[in-house]
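Asks: Quick one: structure below, then a few questions.
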Amino acid sequence: MLNTILSIAGKPGLYKLASQGKNMLIVESLTDNRKVPAYAKDKVISLGDIAIYTEEGEVPLHEVLTSMRNKEEGKVASLAPSKASSDDLRAYLAEVLPNFDRERVYPSDIRKLITWYNILVNAGITDFTPEETPQAEPEAAPEASNAPEAAGE
């Protein structure tokens with residue numbers, strides 16, 4: 001599900017991919033359900049491609065959002081991101097992801113993370129598990145079926 005949820009630089013909120021046009025995407029806002037174009041010049045990133053820095057490496061965003069959902073019991077975040085201090089934001093993320101990299105994850109990143117989580121929950125999106133890509137399985141199946149034919153010849 002997170003692969004079709006997009007963040008667009010310079011535009012507030014999150015968007016769901018609705019369709020594709022020539023040199024643009026048609027996206028639907030998760031907050032007000034309006035459809036708007038996102039052009040090739042816009043910096044668009046899928047939430048499925050985002051990770052949070054930790055001391056050991058990176059943790060995919062879906063794992064952090066799932067941890068937030070478990071902490072908040074599926075409700076919006078208990079911390080208001082716009083009013084929280086930097087220390088409060090770091091303490092909140094430490095509850096959800098204890099080993100986050102405190103030097104590379106800035107308070108603005110945590111604020112954005114909490115805001116995104118609230119938008120997703122308000123839109124009814126609470127299953128953050130990544131989708132399995134069915135493309136990998138069909139590719140493996142023909143190779144397996146071709147192997148016996150080649151051996152029989």
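Any Cβ shown, glycine's included, is placed from N, Cα and C.
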Asks: Which one of these stretches, 79-103, 129-153, shows up in TrEMBL as region 'Disordered'?
Replies: 129-153
Asks: Mind checking how the domain 'DUF6852' (50-120) divides into helix, strand and coil residues in DSSP?
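Replies: Secondary-structure composition of the domain 'DUF6852' (50-120): 37 helix, 8 strand, 26 coil.
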Asks: In the domain 'DUF5606' (2-47), how many residues does DSSP assign to helix, to strand and to coil?
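Replies: Output for the domain 'DUF5606' (2-47) reads 4 helix, 25 strand, 17 coil.
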